[in-house]
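Here is the structure we will look at, set down as structure tokens.
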């Protein structure tokens, strides 16, 4: 580019990551016209041989692209977006410009999207959006985005063309389950950024369209004769009209003086306009194909082969490039040359040796007939979607063709080059989980053995996110409420005798109630561990969210009980250990402190976690009756918290059939025994507490795996803390009113449950608007 365009300045990245500007020349370039005054940026988009082709963008183009990006992504001043987009492409520049226009923050990080450090930094910075292109979204497939994404995230952005429907559906499901916005932007470098937007966070969005044009520009269709295509369901070439359309192309210094071209951009895509006003792509115009995300100019491929002394006819589709050569041509060397230059797997390049190409009556090559001939003789190798079950050989055969049938071959011996390295590494990581050192020289057979050794029997492939987490938290919350509605004993709640079936039922499910609540806390901690925060900051946040509201509600309840002359410990002791249901919040805070200390240098080893769990079970059994001591409560919760942590960190535990099915059998058996003991005539045996602890471990995996998402229960998530804090008082208020009415036990239970849930929700909605009291009252 320096030779072609004779710049005065060259800016490049220095060792520290800063841009370093180097003066190339201070004087005007003799004999060459000055640059056009509107020209702002040259972006290289390709070329042939040593000649670079660039697009000329004006300041007006850059502003229009930035505004289109701002509108399409709904960028606001409080946004902080992690951009995985390259800044030497228009969509990367438009993303930067959109944030400058909005007064928002853009986070640039050169690390790979699969690097955990990238996501640790994103969580620390509290990013609200992640923007990527086709390549970065391909890499994001390897990331458990639901787990790695910051809690602050509210927007996922695909800013580089049309997203394939199957990939779109996957991310759309994730975005909707997490409440994220997910705009997919269709654009071109030549348009300075996005041209249309598809809001995939809307449930009724057609995944196979590119959406509707963004404000400031519009799309039209034209037929082969250059005439405008009107109406719907007719196919034509897609044209973009708008202020973002480039000034023109450039291959030499003189081109920089040219005036702007007409602001109309032929995209080369064939599309159909739908009645909704959106557009659906149906193919490409002319001799271009898009293979594995790369736009390939078939005429350019012919020219490249011609410069190498190879006479060839090139055609293709979105699966393969078809190359017709003479009988004496070296097909293997052609495939190797083009695979490296185009960055395509060799299996995507098909060679056919014939003396003559099929031709039309005009004498021109019949490219359509040639494509059909190739497809009949050489059907494209299907791309395996790598997962934990894909044979290693299938991945190699896709990349390298029949040569990979030799099990002693390796990536290196098959001629793997730098363009294929990342694609191959990504596919093998999907299969192996972690790549061994020196995998490039490791034989296919050795990698296959490693895959067999690492295989874990699974019930199903893990979803992007456990979308039922909020549902399970709602279930646990309702189980706690139900327990207190019925009552701890015959003097509380509905004041029923202890041999009442009501007590029998709620006591029979106690092995579900607190274990599930605590395991959910551990699972959610593993989604966003404290490791990114200074330890004092983490503990301070937990004390604000747990202890302050627990102390406040505890003091209120202590005062009410004192007014009613109910026997109770001193206020200090009640606050320290947590009276009634508040013991859980105090003990959970101590659990968080223990975990923070254990993970002060990184994630806790599984062996340490197992030892802590065994210690907790061993110590809590003889001391579980000492309800007013905080240490037994901590030891009781700690094993279940660790269980939730490691069900997230080791998903093979959750997706192992032995874990889930055995857990379901044990849980059902325990439920049957509890109902038999507590509602029948048989006495509760002395070893029942031990069985309860074990069943508490067993019940969590099947609940996580089998329970579907229930929107009504999931809707309790924002209010779960408030419900837990205030449901005993709300229940007491409702029960005091119902005592004056002559209604049955069933109606009393239902109405108390409704009141114990709805009254705290109403309190939450009122108090959340009062920042001075919201922290002690609702924990926020």
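A Cβ is built for glycine as well, from the same backbone N, Cα and C atoms used for every other residue.
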- Query: Out of 659-677, 716-734, which range is noted as transmembrane segment by TrEMBL?
  - Reply: 659-677
- Query: Apart from its near flanks, which chain residues at least 6 from the ends of the transmembrane segment (743-763) lie with a Cβ under 8 angstroms of it?
  - Reply: 478, 481-482, 484-486, 494, 496, 502, 716, 719, 722-723, 725-728, 730-731, 733-735, 777-778
- Query: Average pLDDT across the domain 'OAR' (442-455)?
  - Reply: 75
